[in-house]
Amino acid sequence: MAMKLSPLAYQSQYYPSSIGGLPTSLNLRSPKFYMASTLRSASSKGVENLKKPFSPPREVHVQVTHSMPQQKIEIFKSLEDWAENHLLVHLKPVEKCWQPQDFLPDPTSEGFYEQVRELRERSKELPDDYFVVLVGDMITEEALPTYQTMLNTLDGTKDETGASPTSWAIWTRAWTAEENRHGDLLNKYLYLSGRVDMRQIEKTIQYLIGSGMDPRTENSPYLGFIYTSFQERATFVSHGNTARLAKEHGDIKLAQICGTIAADEKRHETAYTKIVEKLFEIDPDGTILAFADMMRKKIAMPAHLMYDGRDDNLFDHFSAVAQRLGVYTAKDYADILEFLVGRWNVDNITGLSGEGRKAQDYLCNLAPRFRRLEERAQGRAKQAPTIPFSWIFDRQVKL
Ligand SMILES: [Fe+2]
Ligand SMILES: [Fe+2]
């Protein structure tokens, strides 16, 4: 296991807001020294960094790498055929896939301007806080290069060449290609709506891709596929809820857009949870320990390093609005955990080591424990402030 340590002081830990994690005050993790730390924006880094030609707005300074024992790489090599027969079947042939253009005004048609006008009329019914959440979701999707990079950090499944013929690499590329439509479609919809500050949004995307992400998966496909299982379900929930709200506000077309994206996420969730199910079958102890490890560290959201050049707590603020609107909440986090525990039949696994049994206990009790703590936190919740979001021209939104 290699470990990079930095003398820099820790600042913000994983996000105190509800999305994707426990509030800071409810942190269930033991304070391990390898917890990742992030710096705040470049503007607050001080004079020293001004000398650098470029540095990301968010930097993660303590990271664990290659924690999976070398011999376990063989497990993934031996699963090549399994992946071909059980994983790749969850991809859709391109010819059968929807494309963003299917949901957008056709710029070659005579009715283009009229269709755009209708889209803008419908979007007028959507409130500002809804746009904050939809923009945050779109930015998360648009940072897709980072997620392909993340998959290609995993030892034993990474795409070694960029066009590798292994089933794992084929999956990664085709998954990315499917996901690429999500950001494209939401981006074009938001652009046409005329409701949002596209330049600020585009800056946020550029900052975010430049910062990357730190899912703390340590190059291990065990941790990596548990992370993606959780994430695909989280995005399924989130896009499903933006679809529901769009419908409630009378924008049926946007509801269809978000619902279609949610269906892709669901299919991806099915694929990733199947990989982890297979790992449980082959290596129950290693897999349960990996699952417990990811949950102790908490699942950081993919866009946790988000920054727009102005708001040092942009991700927290976006998350707070998503929580308030019920798009993605602390309850969803507990529900996803509980779903995965059930999906992988965690409470019925036998033949575990002592450590494995401890991990099993921890995992089976975590969702109820989390819910109890969350309820208590809700009871103590203070009146939420209202803050400006640059994505919507600094209009004020309640957190
Ligand atoms: Fe997506
Ligand atoms: Fe996804």
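In case you wondered, yes, glycine gets a Cβ from its N, Cα and C as well.
What TrEMBL says about a protein is an automatic prediction, not a curated fact.
Per TrEMBL, the feature Fe cation 1 binding site maps to Glu141, Glu179, His182, Glu265. When other Cβ atoms within 10 Å of the Cβ of Glu179 (Fe cation 1 binding site) are tallied across all protein chains shown, the result is 20.
Reduced to three states, the DSSP call for Glu179 (Fe cation 1 binding site) is helix. TrEMBL lists Glu179, Glu232, Glu265, His268 with the feature Fe cation 2 binding site.
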For His268 (Fe cation 2 binding site), nearby residues of its own chain (Cβ under 8 Å, 6 or more apart in sequence): His90, Trp175, Glu178, Glu179, Thr228, Glu232
Entries of Glu141, Glu179, His182, Glu232 (binding-site residues) sitting next to ligand 1, with Cβ under 6 Å as the cut-off: Glu141, Glu179, His182
Cβ contacts of Glu265 (Fe cation 1 binding site) (under 8 Å, same chain, 6 or more positions away): Glu232, Arg233, Thr235, Phe236, His239
